[in-house]
Amino acid sequence: MNIDKKTQKYDRQLRLWQASGQAALENSKVCLINGTATGCEILKDLVLPGIGSFTVVDKKEVDGADAGISFFLDEDRIGTNRAQAVTELLQELNEDVRGFYLAEDPISLIENRLDYFCQFTIVIATDIPEKPLLKLSEALWNANIPLFIVRTTGFIGYFRIVHPEHTVVETHPDSIMDLRLDVPFPALEQYAKTFDFDSMDNMDHGHIPYVVILLKYLDQWKKDHDGKLPCTSAEKKQFKQIIESGRRNVDEENFAEALANAWRAFTATKVPHQVQEIFNDPACETLTANSSSFWILARAIRDFVANEGQGLLPLAGSVPDMKADTSTYVSLQTIYRQKAKAEIAIVRSHVNKILNSIGRTSDFIHDDEIDSFCKHAAFIQVIRYRSLKEEYISDPKKAEIDRWLQDPQDNIVHYVLIRAIDKFYEANNRYPDAATFFIEEDPEEATEESKSEFELLKTYVNILLSEWQITNIPDHLDDYIHEICRAGGSELPNMASLLGGLVSQEVIKLITRQYIPLNNTSIFDGI
Amino acid sequence: MPRFSHYEAALGSQLFEKVKNCRVLMVGAGGIGCELLKNLVMSGFNQIELVDLDTIDLSNLNRQFLFQKQHIKKSKAQVARESALKFNPNANIVAHHANIKDPQFSIEWFKSFDIVMNALDNLDARRHVNTMCLVANIPLIESGSEGYLGQVTIIKKGETECYECQPKPTRKTYPVCTIRSTPSSPIHCIVWAKSYLFNQLFGIPEEEDEELDKELNDENADEIANLKAETLALKRIREAMGSQDYPKIVFQKIFNDDINRLLIMEDMWKTRKQPVPLVYEELEKLKDTESQMDQTTNSNTLRDQRLWSLTENFSIFLESIKRLSTQLLAEKMTNPDASLTFDKDDIDAMDFITATSNLRARIFGIEEKTKFQVKAMAGNIIPAIATTNAIVAGMIVMQAFKVLNGDLNECKTVYCSPDRRPKSILSELLNKPNPDCSVCQSVHVTLNVNVKKATLRDFLKEVIQGHDEDEEDVCEVSVEEGGRIIYDVEYDDNLDVTFEKLNITDGKMVKVTPESEDDEKYPTVFAISHRETFESPNTWFHIDGDITSRSRTQVNSNAHKRKLDDSEIDPQEESSRKRPAVIENEVIVQDDDLIMTEDGPQRLIVID
């Protein structure tokens, strides 16, 4: 498909993540462990926007339940390998995507050829019990490959991201406004002074950009108040009144804009807290030859702030739309842009110095990467996920789970049940399922079989709770155990689709390195 | 194991029976619609009717997974049906390739459903379905998505807010003179290229004299006369379409002659930067010298995503006019009245709009834009991806289970919003109806009427005033149909015209708003149902329902007051309401896909 056709086909999503995000998607290799209904929905939502390739690992044969739950599979496929069947059908959704399958048992693959999974950009595991999952997650953790753990049971959906660190530059904040009203740089200050409000005719006065209006009145205010910004609400009100008094008539839209944006003049420009934390991070402090470009850039910005920036981040450089005549607007735009450009050049020199000191050449970081980092400097993000080992073994959040569990409204109960179901599966090689007993008998009357299923699942819940040293077991827990037994462990197509959407959305955020993904575990209660 | 036993177990057999037997109307088979149809047939819904007027386009394929390349240009409703039947051959799906506003989809037809699900991408159709569901008293699940944002909510007459209880932002319009004579931003140039020039050359030219006259005042009389002359000249030029010189003639007219004419009006440029006309021969020369130089620059970057040079805009302008002319002339062979309509996904149309708006921007010293950007501005494009639509469609079915189970109080408005971390999904309780809402608080009745015989006067006399009213009394109401004013106190031209001649036919809705000042009452909405004969020989009317209008003052309206006060009402919209029913003439960004974003806690809506 030629480039223009491709732009057209992907037009609606390019609006969201641009060509750079699309390129990242097209270079990605996604692995799905087990071709479950939820797994297929996730892949569907990734194949459509055009990932590079996907691989399904699954040894199971398609059975009647699969055909009923997964929209991809029909009865003709019963008895064939599930990985092959879903791969062929997923492949049809997008000719630009390559589909592969491996008809092997994922658990024995994890046992014997763990490094197989390290070739992928991202691994999505559905329906894998706890022990092999721990092993897989550790290998991927060390290889710095994100792992998604996904599970649905009845109306409950669960997913969790396991990854040491995810850094984002293009977080897509609502707006990047960096006007420096409180601390105008010399060129901006100079420009604002060229406006003599009183001597202007009405036409020109109505076209003074609001940035200049605010600069002018704030400058005056600071002179009258020992250099301080309006601070109390009375002062803020007074400042607005001063602006209002400069307005010649109510038709002056530029003054209306100045009033609406007056709060920007009260807000001191400074390094945001979460960026300061990134600067203080050991990864920013100690750079090595293995440091990612994110940390090298973060350090370069930190050095800039400490020196040339005089405590401020590099200027973002964009100017919002405002009422002004074209030439004034363009001059204002040029002033901000030139300042931003000059600061980018300084950051570049810091980057080169750092690269040199860790034995790398300057082409390791491209100019457009620096441009983007400087523009988004106030919004950069670092997310560190917990490892599965921490969660399951070394540091489960016992106290928190105990506390959350006492609240009947909290979703944590589903977490406990999903973990218990895992243990159930590990011991019995099947999921708890009393559904069929209910249908054949009176739906309201619990049968002996369903009671024993309930007791069995409850045993595993209790094992977990005692592992966490939780003694105060809330009453509502039993109801949920009942519900799980009644609904059966099976996937419901609608939940598979919903969870598929939630998971694939986060996968895309991780692959494109744009927008801020969810942190850690997400539980969806569809009841 | 029977196919749906897992669902039966999860839902309980009672609810599952309802799922199996209920009749579902799905409006829209686009991004959300494809996901929704799959979820419905996979969840045991058995009786589904599907309406969509659209055909499949290449840009749908990144998310509308029921469609593939070989389906391009085919009916969305029909292809969606065929694809979904493969998942569940036993489902009973009826597909309508039609507009939901068509009269065949009458109130009676809406009443035949148990639940309606919207998967729409435009305000107009949402409003229509909202009203139809209120009148038919059928629960409606409303949904939308935009990029990573999504929303699902439930609308039920008398119990929840309806789609119009909260004011929706209105379309942005621009003064004609700004667009035609004094553009000052890129959007002005784009609107000119799309809504004026494209229609003048290839579409149905708008009758704009009235609009221009409205803006007429002492200062701009010359300008208005000038603009009228320009349009007239353009109409004559259109006759040369197909000739070798056609692109050149158009170029010279709009980028040179018209600009020079503007320059004569010196007053206009006292406070503005003067435009600089483009000269065809100079650009041609420039093009020649450039083509002798190295051509490889820029060839690696995406053509849509970089700014075109002046000569590129020039060449693409001429080239696209040629292609569009050829296309139009070919269509005229079979249909002499053929015309082209702007389509944001049509390459030739977008080339034309981009090149034209950039050349105009160059003339007026305005920033130029890439084709990718122009497309977003001209087409009001909403970002859309598979993932969000999957989430939204899943939510719709979840809510549908609750509605069918009679648990309306457990239904929620659900938002999917990446800004609200750590949770990816939020919900809030449904709001009560806004007592000031002019849509859901209206009285809804069915009016059986012989549309061939009954006139507007008959209607006002018999139905609205009742027989006891004084015959000469002016009826203090306004009457509207589909946004047209049919009658008000100052506009009585239509009094002796029949319903049929007024195009108020079977299935249409007529809204009557009391205008008397001392007693503020809710409007009444009459759903028109044509009937030839009536029991009483002296009448053409019969009303099903009670039309005694409630007084607004009877209801405590404080709860919603603040929200309404905060809202901005577009003055343009206000004034257009007062105008009689004629063709709309504003220069307007005409596209359905409108984003509606409202401030305040997560009132974010909702497209696609």
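Positions of Cβ are set from backbone N, Cα and C atoms, glycine also.
For B:11-438, the entry in TrEMBL reads domain 'THIF-type NAD/FAD binding fold'. According to TrEMBL, the ATP binding site annotation covers B:28-33, B:Asp52, B:60-63, B:Lys76, B:121-126. The annotation Zn(2+) binding site is assigned in TrEMBL to B:Cys162, B:Cys165, B:Cys437, B:Cys440. Residues or ranges marked as active site, glycyl thioester intermediate in TrEMBL: B:Cys177. Residues or ranges marked as domain 'Ubiquitin-activating enzyme SCCH' by TrEMBL: B:288-375. Annotated domain 'Ubiquitin/SUMO-activating enzyme ubiquitin-like' per TrEMBL: B:448-533, in sequence order. For B:553-582, the entry in TrEMBL reads region 'Disordered'.
Apart from B:Cys162, B:Cys165, B:Cys437, B:Cys440, the residues listed for Zn(2+), the same chain places the Cβ atoms of B:Leu134, B:Glu161, B:Tyr163, B:Glu164, B:Pro433, B:Asn434, B:Val439, B:Gln441 within 8 Å of the centroid of those Cβ atoms. B:Asp124 (ATP binding site) falls within a helical segment according to DSSP.
Checking the binding-site residues B:Asn62, B:Asp124, B:Cys162, B:Cys437, B:Cys440 against chain A with a Cβ-Cβ cut-off of under 8 Å leaves B:Asn62. It is 17 Å from the Cα atom of B:Cys162 (Zn(2+) binding site) to that of B:Asp121 (ATP binding site). DSSP classifies B:Asp52 (ATP binding site) as coil under the three-state reduction.
Between the CA atoms of B:Gly28 (ATP binding site) and B:Cys440 (Zn(2+) binding site) there is a gap of 23 Å.
Between the CA atoms of B:Asp121 (ATP binding site) and B:Cys437 (Zn(2+) binding site) there is a gap of 23 Å, rounded to the nearest whole number. Sequence-distant neighbours of B:Asp52 (ATP binding site) (same chain, 6+ apart, CB under 8 A from its CB) are B:Val27, B:Gly28, B:Ala29, B:Gly30, B:Gly33, B:Ser75, B:Lys76, B:Ala77, B:Ala80, B:His96, B:His97. Of all the recorded positions listed here (B:Cys162, B:Cys165, B:Cys177, B:Cys437, B:Cys440), it is B:Cys177 whose C-beta has the fewest other C-beta atoms within 10 angstroms. Mean pLDDT of the predicted structure over the domain 'Ubiquitin-activating enzyme SCCH' (B:288-375): 85. B:Asp124 (ATP binding site) sits 17 Å from B:Cys437 (Zn(2+) binding site), counting Cα to Cα. The candidate set comprises the binding-site residues B:Asp121, B:Asp124. Of these, B:Asp121 has the most other Cβ atoms within 10 Å. Other Cβ atoms within 10 Å of the Cβ of B:Asn62 (ATP binding site) number 22 in total over all chains.
Within 10 Å of the C-beta of B:Gly31 (ATP binding site) there are 29 other C-beta atoms, taking all protein chains into account. Note: the Cα of B:Cys437 (Zn(2+) binding site) and the Cα of B:Cys177 (active site, glycyl thioester intermediate) are spaced 35 Å from each other.
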